[in-house]
Amino acid sequence: MSQKLKILLFLTLFHTHVAFASDPDPLQDFCIAFKDSASGNPSCKNSSAVTVEDFTFSGIKFPGNYSQTGFSATPVNSNVFPGLNTLGMSFVRADFDVGGVNVPHSHPRATETAFVMEGRIYSGFVDTNNRVYAKVVEKGEVMVFPRGLVHFQMNVGDTAASILGSFNSQNPGLQKIPAAIFGSGIEEALLEKAFGLNAKEIAKLRKRFLPH
Ligand SMILES: *[C@@H]1O[C@H](CO)[C@@H](O)[C@H](O)[C@H]1NC(C)=O
Ligand SMILES: *[C@@H]1O[C@H](CO)[C@@H](O)[C@H](O)[C@H]1NC(C)=O
């Protein structure tokens, strides 16, 4: 085999591997996450003790309280709903006050589909060429946010809005851009140079995004 062909084959295999990266396949019907109280090790709940309650979740019947951007989200991953453990998926309920904003953020381990249950939501994401794909998505419509890409939403209707987001990972992760940059304790001199802001402007942003 020529060197060129070998490299091509390697790249093809590597690419295929990346394209199929996802949560591992389950090795049993289910594995209700359970911390062994004696050892502290995570394991599966003994199946003789599993009931239908382990497969149902009621924590998103009602909206949560709005943040300062008029937004509330209740992520339902395997940490809060142990029945999702090993099943490769999770979801979120999010509610928007009139004008409410879900700030730019990303989920490093999952693609998301966001189904609009109520309202009209300006929704979009940015690809790695900084091209933005955004439009107003209405009740009954869905938008997909590709894995890892920065996305955002704003309620542009004149009533409250809500969505159900679904993820192809039991633990998609969440990185909010404003808090990751200005609320994480990155050296101030670096932020000043990176954003072309002065110390006073950085201080204002830090005050808003550092955890209190
Ligand atoms: C599961 O529970 C049953 C009934 O209590 C018990 O007989 C069995 O040993 C348990 N299995 C494990 C792996 O602990
Ligand atoms: C919302 O706020 C009320 C009043 O502060 C509080 O009692 C309630 O637990 C909060 N709800 C949630 C989901 O955090």
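Along the chain as shown, the residues are counted starting at 1.
Heads up, the Cβ atoms here are built off N, Cα and C, so glycines get one too.
The annotation signal peptide is assigned in TrEMBL to 1-21. For Cys31-Cys44, the entry in TrEMBL reads disulfide bond. Marked as domain 'Cupin type-1' by TrEMBL: 58-203. For Asn102, His107, Glu112, the entry in TrEMBL reads oxalate binding site. What TrEMBL lists as Mn(2+) binding site is His105, His107, Glu112, His151.
Mapped onto this structure are the features recorded in TrEMBL.
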| residue | record | DSSP class |
| --- | --- | --- |
| Cys31 | disulfide bond | coil |
| Cys44 | disulfide bond | strand |
| Asn102 | oxalate binding site | strand |
| His107 | oxalate binding site | coil |
| Glu112 | oxalate binding site | strand |
| His151 | Mn(2+) binding site | strand |
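Comparing C-alpha positions, His105 (Mn(2+) binding site) sits nearest to Glu112 among the recorded positions Cys31, Cys44, Glu112. Comparing the recorded positions Cys44, His105, Glu112 on other C-beta atoms within 10 angstroms of each C-beta gives the minimum for Cys44.
Within its own chain, Cys31 (disulfide bond) has Cys44, Lys45, Asn85, Thr86 as residues 6 or more apart in sequence whose C-beta sits under 8 angstroms from its own. Annotated pair Asn102 (oxalate binding site) and His151 (Mn(2+) binding site), C-alpha to C-alpha distance, rounded: 9 Å. Mean pLDDT, taken over the domain 'Cupin type-1' (58-203), works out to 97 on the 0 to 100 scale. For the domain 'Cupin type-1' (58-203), the DSSP-based tally of helix, strand and coil residues reads 22 helix, 59 strand, 65 coil. Put simply, His151 (Mn(2+) binding site) is 9 Å from His107 (oxalate binding site) when counted between their Cα atoms. Of the recorded residues, Glu112 (oxalate binding site) and His151 (Mn(2+) binding site) place their C-alpha atoms 10 Å from one another.
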